[in-house]
Amino acid sequence: MTEQRRSKTLTVVLMIAPFVITYLTVFAYPVYKMFALSFTDAPLIGEGRWIGFDNYIKLLNQKLFFTSVWNTGYFVLLTVVPNTLIGLGLALMVVRLKGWLQSLILVLFFLPYILPVSVVTQIWQWVLDQQFGIAQYAIEFFTGKRISVFRDPIWAMPMVALVTVWWTNGFNLLLFIAGLRNIPADYYEAAALDGATRWQCFRRITWPLIWPVTALVLTLQLILQLKIFDQVYLMTEGGPFNSTYVLLQLVYREAFRLNHGGLGSAVAVFLFLIIVTVSVLQYQLLRVRGR
Amino acid sequence: MQRKSIGNILLLVLTLCVACMWAFPIYWAVVTSIKPEQEVVTKTTFIPDVFNFSAYYFALFETNLAAWYVNSLVTSIGVTVIVILISVMCAYALSQIVFAGRRLLYGIILASFMVPSQALVVSQFVLMYRFGLINTWGGIILPQLIIPVVVIVYKQFFDSVPKELREAAKLDGCGDFQILFRLYLPLNWGITTALAIITYIMAWNAFLWPFLVTNSEDMMTVTVGITQVDDAFGVKYARDMAVAILAAMPVAVAYLLFQKRVTQALMLSSGIKG
């Protein structure tokens, strides 16, 4: 009996050890270390002194911190709701198609999502290039002049948002299509018998039944877009005049450029807390839906 | 009835137009890459006059692309294999074996969903530095190994395998490792390929972490490396596009070959059963 128990214990240990050890080393410990570092004046590499909440106080006195918070919020505003609505709109179009045509169209919409971020930014830098970019025809048509969009403080963030929507929308589209396919066809047949118009069908059947997926997409987007860094860094490096500086970029700047590991960690803690809060809210929201 | 079908045709045309516009930047990148550099900036042609592959020649032979490819392949395959292996074992134990702390461990893994890995980059960098892994494959791979959703998806699938199978195998004298790798894993082969492909695509596309942990050009992954090309050679759009297309090729091909699996994995990881 003890022999059997010992072998069971050994099996469990061998099975969970690789994951648990990796988890503790590269995940749990860094979480702890992030908090610990944020209370010190440590450089990126090396020891620091305990300085309590000084880093946090310093952040509250740093203009760039508020700029980054504001810009991150602005970016979230520009992406989350539009991305969700566009995803739903495209899904409503695609879901009506049949067979190979649907697969083909779906690929066209989904392809950007699997591209690496640096490929996406390279493509758009070319498309939006001030001198030769093909999108400048459209920009010139609407504004009367060519605009170097990533060097213009007013255009930069909306353009980063546009590229982001293009890049990430495929995933939302997919979730919406799955949601739409789950709506039983009899509902629409019954509505058609009652002579319902297309709009009435959408308003009374589709929208209420797709709302749970919409809530899921909205919250997933919110969490995702709060973590923005790659696109901004590659297209504008936070410029011009810090008009696209975001929180994660401040982490990068403080820790990796200015060698302020402690202060960088404090910004990271701030971002971490925001995202955990949003995630908890999302969990509550989706649990309510699940019951 | 007549009006309805006209409406349908209009909607179809609209859908096609939007889809073409959506995919246009990708098409434009491809077309640009096969034009001579001169033509790229002198005229706007939607189909090139002549097909010219000099940009690809440049990308393949006069940049570090080959080294970046090797780095990307090794690290993304490494991440994929290790993630699947450690997650599947952990998930099997969580699903099939009763042991002390099982619920706690599962709870912790579930809670990890909330942790944004991007916030951990500073402390992970310090850790990799202490391990001496800056500018190494190990340094690129290690922090990417924890993907809680893989464990959770596997656990859910193992939960739904009939208990009798494991009991029968036990009576035949199989140990749990044998049961996992010879019975449970083959039974869930579909979900394994789905999770593996999506992990591979995510690892290939990762930018922030490989960007931070590598600074020598020889050690960069494709995603990071290609951002260095125009710094060194000035802006040449045909070349940039050729490099970008080559960088995206391994994931684009993986996606086109395994479309169903990719979408299935994405659905599962977002909590919608596929």
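These residue numbers are counts, starting from 1, taken along the chain as shown.
Cβ atoms here come from the backbone N, Cα and C positions, even for glycine.
Unlike curated entries, TrEMBL annotations are predicted automatically.
Here's what TrEMBL has on this protein:
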DOMAIN    A:69-282  domain 'ABC transmembrane type-1'
TRANSMEM  A:12-32  transmembrane segment
TRANSMEM  A:74-97  transmembrane segment
TRANSMEM  A:104-124  transmembrane segment
TRANSMEM  A:154-178  transmembrane segment
TRANSMEM  A:205-224  transmembrane segment
TRANSMEM  A:263-286  transmembrane segment
When you check the transmembrane segment (A:154-178) against the transmembrane segment (A:12-32), do you get at least 3 Cβ pairs under 8 Å, counting only pairs 6 or more apart in sequence? no
With the cut-off at Cβ under 8 Å and a gap of six or more residues from its ends, the chain residues touching the transmembrane segment (A:263-286) are 31, 34-35, 37-38, 44, 55-56, 58-59, 65, 68, 215-216, 219-220, 222-223, 226-227, 247-248, 250-256
Please indicate, using numbers and ranges, the residues of the same chain that are 6 or more beyond the transmembrane segment (A:104-124) and have a C-beta under 8 Å from a C-beta there. 90, 94, 97, 163, 166-171, 173-174, 177, 230-231, 234-235
